[in-house]
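These notes are about the structure you will find just below.
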Amino acid sequence: MAASRNNSSHPLFFILLGIPGLEDYQFWVAFPFCIMYIVAVTGNVTILHIIRIDHTLHEPMYLFLALLAITDLVLSTSTQPKMLAILWFHDHKIEYHACLIQVFFIHAFSSVESGVLMTMALDRYVAICFPLRHSSILTTSVVIKLGAAVMVRGLLWVSPFCFMISRMPFCPNKVIPQSYCEHMAVLKLVCADTKINRGYGLFVAFSVVGFDIIVISVSYVMILRAVLRLPSGEARLKAFGTCASHVCVILAFYIPALFTFLTHRFGHHVPRIVLIMFANVYLLVPPMLNPIIYGVRTKQIRDRVSRGVCRKDP
């Protein structure tokens with residue numbers, strides 16, 4: 001009897017539709033997603049390998065970049081293999097606990113990515129505003145503590161999502177009209193009052209992303225003030241150049257993330273296909289672009305690639 005109640009409240013699996021509205025083209029749509037995923041994995045693994053073997057890159061900026069690469073690998077790999085299986089092999093079923101695990105990894109590591117971008121902004125602020133004290137302020141110990149704090153915040157803040165959902169009854173409908181399990185999409189299948197869940201989701205979003213955006217904004221206001229005080233135009237250009245990569249990465253992450261977050265909750269008139277495509281872009285395009293942006297714009301990484309990725313420095 002207890003088992004029967006448990007099975008009725010917790011479905012054995014959900015059905016992920018993939019990209020509704022493009023059923024006839026899903027096989028072909030999967031190819032650009034696959035290419036982007038391969039680029040993301042190859043690029044981020046290359047960045048990690050370069051930072052590991054080149055001891056001159058064991059500095060705060062590159063340690064934070066390594067953490068960003070790890071986060072991007074987790075984010076893209078938590079969704080893309082299953083999405084490609086849906087689009088190519090019509091493998092629409094996802095087991096209940098696997099779905100909750102996917103919810104956890106997507107939201108936890110989205111929070112971690114936001115935190116890493118915030119710590120990278122702090123690093124740029126210290127490097128430009130206090131260049132002579134940069135190495136003494138951001139020591140390896142401080143970098144490790146900041147990285148651990150960002151990681152723990154993401155894991156702790158998001159864990160209640162899965163815990164609260166796991167204790168709620170689900171309706172007979174098991175269809176999730178997108179290509180992965182996301183908190184709000186799963187919550188819509190619950191046959192109970194979800195105000196607490198929605199409220200907590202908003203609290204996490206505004207406390208995490210809101211705090212990070214405020215710190216990033218304040219850091220760049222201070223950077224801008226410091227750069228504009230530099231006497232030389234060449235020095236100002238060089239200072240802006242050191243921040244350009246980070247600004248591009250911030251925009252690539254936050255614009256689709258905020259669009260996806262706001263439209264899921266308030267964009268009731270936005271076409272579903274637009275929501276789903278942006279949701280996929282939000283989890284795949286930043287992991288693909290980040291290593292490209294840093295590889296192209298960061299001289300040390302560019303030089304290392306030109307010398308040979310596999311050759312270890314003595």
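A Cβ is built for glycine as well, from the same backbone N, Cα and C atoms used for every other residue.
Listed in TrEMBL:
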TRANSMEM  27-50  transmembrane segment
DOMAIN    43-294  domain 'G-protein coupled receptors family 1 profile'
TRANSMEM  62-80  transmembrane segment
TRANSMEM  100-122  transmembrane segment
TRANSMEM  142-166  transmembrane segment
TRANSMEM  202-227  transmembrane segment
TRANSMEM  239-261  transmembrane segment
TRANSMEM  273-296  transmembrane segment
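Against the transmembrane segment (100-122), stretch 142-166 has more CB pairs under 8 A than any other of 62-80, 142-166, 273-296. Contact counts against the transmembrane segment (239-261), taken as Cβ pairs under 8 Å, peak for 273-296 among the stretches 27-50, 62-80, 142-166, 202-227, 273-296. Between the transmembrane segment (27-50) and the stretches 142-166, 202-227, 273-296, the greatest number of Cβ pairs separated by less than 8 Å involves 273-296.
Recorded stretches compared: 62-80, 142-166, 202-227; the one with the most Cβ pairs under 8 Å to the transmembrane segment (273-296) is 62-80.
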